[in-house]
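So that you can see what the record holds, here are the features copied from TrEMBL:
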DNA_BIND  69-129  DNA-binding region
DOMAIN    67-128  domain 'Homeobox'
DOMAIN    131-257  domain 'TLC'
TRANSMEM  47-70  transmembrane segment
TRANSMEM  140-160  transmembrane segment
TRANSMEM  180-199  transmembrane segment
TRANSMEM  211-229  transmembrane segment
Amino acid sequence: MLQMVGEWFWWDRIWLPSNLTWSDLEDQEGRVYAKVSDLYITVPCSIAFLVIRYLFEWLIATPVAASFGIRDRVQRRAIESPVLEKYFCSCCRNPTQSDIDGLSKKCGWTSRQVERWFRQRRNQDRPGLLKKFREASWRFVFYLLVFIGGFIALYDKPWFYDTQEVFASFPKQSLLNSQYWYYITEMSFYGSLLFSVTFDVRRKDFKEQIIHHLATLTLLVFSWCANYIRIGTLVMIVHDASDVLLEVLHVVQAQDM
């Protein structure tokens, strides 16, 4: 059953032009083509990115934040209340007025005191400015470096200036070392973001973030397997350029808060 599904999934007609088969894209005559097995290295590389990120935030981003005077504000902690804490963790972080009235009777507090407790408790869970600054700094540095690396890899290629060259002799386009490492770096980074999304600053668009990372990885894998390498690198460098500016705004926003 699995073999049949695999054969259907990798059916030549789905991935390649009608006059080609997978056997035509085997390494020969000095030509090297992208293979699915090449992507296995992205798993350990994603873990390596997590380690590098931790070291960067600890050794570089934190001292830089201190030099800018960025530090976490001291939040007033909510008074201990087992009843309210249980409701906060298991039911709702923003209770309705009727729930507040019911909880105030259980605790022997006024409704105003219960409202204040929930507000203080929510503030305790908000990420600090220092954490936001470190995360934004890490992404900014990565996007800047990978954009520079992508430009160095592409500036001397004819398809960087003439889009008609993108599909010249497609899909029989030999894989270059610079293209290989550009793809592996990008996929490993987004893999690390997918791993770290659970302990990063939780944003309002948390679900959308996960969908974005999964969609990005899916598109990168598809373009790799179908040998859309040239157009893939052009798309990546355009997105990296915009992401650099986006993370600059995040860094500045963290400084101004």
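Counting starts with 1 at the first residue shown.
Backbone N, Cα and C define each Cβ position, glycine as well.
Remember, TrEMBL labels are computer predictions, not curated facts.
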Worksheet item: What else in the chain is close to the transmembrane segment (140-160), if you only count residues 6 or more beyond its ends and a Cβ gap under 8 Å?
Response: 56, 166, 168, 176, 178-179, 181-182, 185-186, 189, 230, 233-234, 236-237, 240-241, 243-244, 247-248, 250-251
Worksheet item: Could you count the residues of the domain 'TLC' (131-257) that DSSP puts in helix, in strand and in coil?
Response: 100 helix, 0 strand, 27 coil
